[in-house]
Amino acid sequence: MMENVFDYEDIQLIPAKCIVNSRSECDTTVTLGKHKFKLPVVPANMQTIIDERIATYLAENNYFYIMHRFQPEKRISFIRDMQSRGLIASISVGVKEDEYEFVQQLAAEQLTPEYITIDIAHGHSNAVINMIQHIKKHLPESFVIAGNVGTPEAVRELENAGADATKVGIGPGKVCITKIKTGFGTGGWQLAALRWCAKAASKPIIADGGIRTHGDVAKSIRFGATMVMIGSLFAGHEESPGETIERDGKLYKEYFGSASEFQKGEKKNVEGKKMFVEHKGSLEDTLIEMEQDLQSSISYAGGTKLDAIRTVDYVVVKNSIFNGDKVY
């Protein structure tokens with residue numbers, strides 16, 4: 001059993017002496033594999049978060065993205081399309097039999113996506129290990145992200161199998177009900193799980209799920225994440241896929257989990273739910289605000305780059321921030 005678990009709202013980072021005159025001097029860029037990105041943040045590879053249009057926008061503006069895998073037949077044309085424009089191609093695959101054929105087809109057509117994310121709910125499995133090895137054999141140049149996991153053993157096994165990065169988080173997301181349906185996961189202690197996994201990792205970790213505020217991005221970096229995957233904060237923008245509805249004069253957009261019946265079209269092994277999130281305006285505005293908030297975080301950390309956040313002190317305060325303040 002693990003003692004002293006904590007989650008995002010239980011932690012406050014402690015400021016160090018500021019060395020910049022303006023937060024605009026702080027650099028939020030991060031390198032993952034061979035590419036450098038503007039923010040250590042990636043929108044979740046979910047159907048109500050990303051589509052081709054958003055992927056293109058993100059890639060053109062130097063943000064990392066991962067395309068979802070729920071229209072598998074479109075992936076080849078997507079890779080071609082992105083690469084023909086000089087943009088990176090970053091796709092997701094599952095672990096079923098036809099995904100093995102898909103990887104071989106890419107190799108046969110000499111299509112090498114820059115990033116491939118193997119993305120299943122319980123990533124500590126032979127199925128994922130075999131797929132990592134398969135991709136590394138046929139597409140050795142692709143950067144492989146594997147997940148999702150929640151333990152140091154899993155991180156080490158996937159790294160040893162050849163994963164270039166691992167994705168940590170089992171069920172902490174807002175539209176994920178894994179914790180309720182199964183009793184398992186990192187919901188409620190995602191930040192402690194991230195820290196535990198990061199200590200075992202020798203390659204980058206992507207924290208996935210449970211982010212509710214921009215400050216949580218800084219906290220993720222502090223506890224070892226290279227990149228932070230975010231769903232709900234990216235849901236509900238003008239550009240977001242998904243239907244807009246009006247209720248009592250307010251606009252909302254649908255947001256659903258990848259293992260929900262809305263996603264699957266059937267009620268089998270459902271571990272996701274649907275919710276409506278308030279319409280948030282433009283994606284660009286949110287990305288700019290995230291960058292500015294992270295620049296402020298770096299200045300509070302007493303540095304000019306993201307790495308400064310990794311060494312700050314912190315305190316564990318149960319639910320400090322929420323003493324009556326509604327932040328979302």
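Glycine is treated like the rest: Cβ placed from N, Cα and C.
The feature active site, thioimidate intermediate is assigned by Swiss-Prot to Cys176. Sequence annotations record features per position, and here Swiss-Prot assigns NADP(+) binding site to 205-228.
Features as recorded by Swiss-Prot, highlighted on the structure.
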| residue | record | contacts (Cβ under 8 Å, 6+ apart) |
| --- | --- | --- |
| Ile205 | NADP(+) binding site | Val155, Ala165, Thr166, Lys167, Val168, Leu194, Cys197, Ala198, Gly224, Ala225, Thr226, Met227 |
| Asp208 | NADP(+) binding site | Ala44, Gly147, Asn148, Lys167, Val168, Gly169, Pro172, Gly173, Val228, Met229 |
| Ile211 | NADP(+) binding site | Tyr8, Val217, Ser220, Val228, Ile230, Ser232, Leu233 |
| His214 | NADP(+) binding site | Leu233, Glu289, Met290, Asp293, Leu294 |
| Phe223 | NADP(+) binding site | Leu191, Leu194, Arg195, Ala198, Ala207 |
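Under the DSSP three-state reduction, Thr226 (NADP(+) binding site) is assigned to coil, being neither helix nor strand. A count of other CB atoms within 10 A of each Cβ picks out Ser220 as the most crowded of the binding-site residues Ser220, Thr226. Around the Cβ of Val217 (NADP(+) binding site), 27 further Cβ atoms fall within 10 Å across all displayed protein chains.
When secondary structure is read from DSSP and collapsed to three states, His214 (NADP(+) binding site) falls in the coil class. A simple way to gauge crowding: the CB of Cys176 (active site, thioimidate intermediate) has 25 other CB atoms within 10 angstroms, across all the protein chains here.
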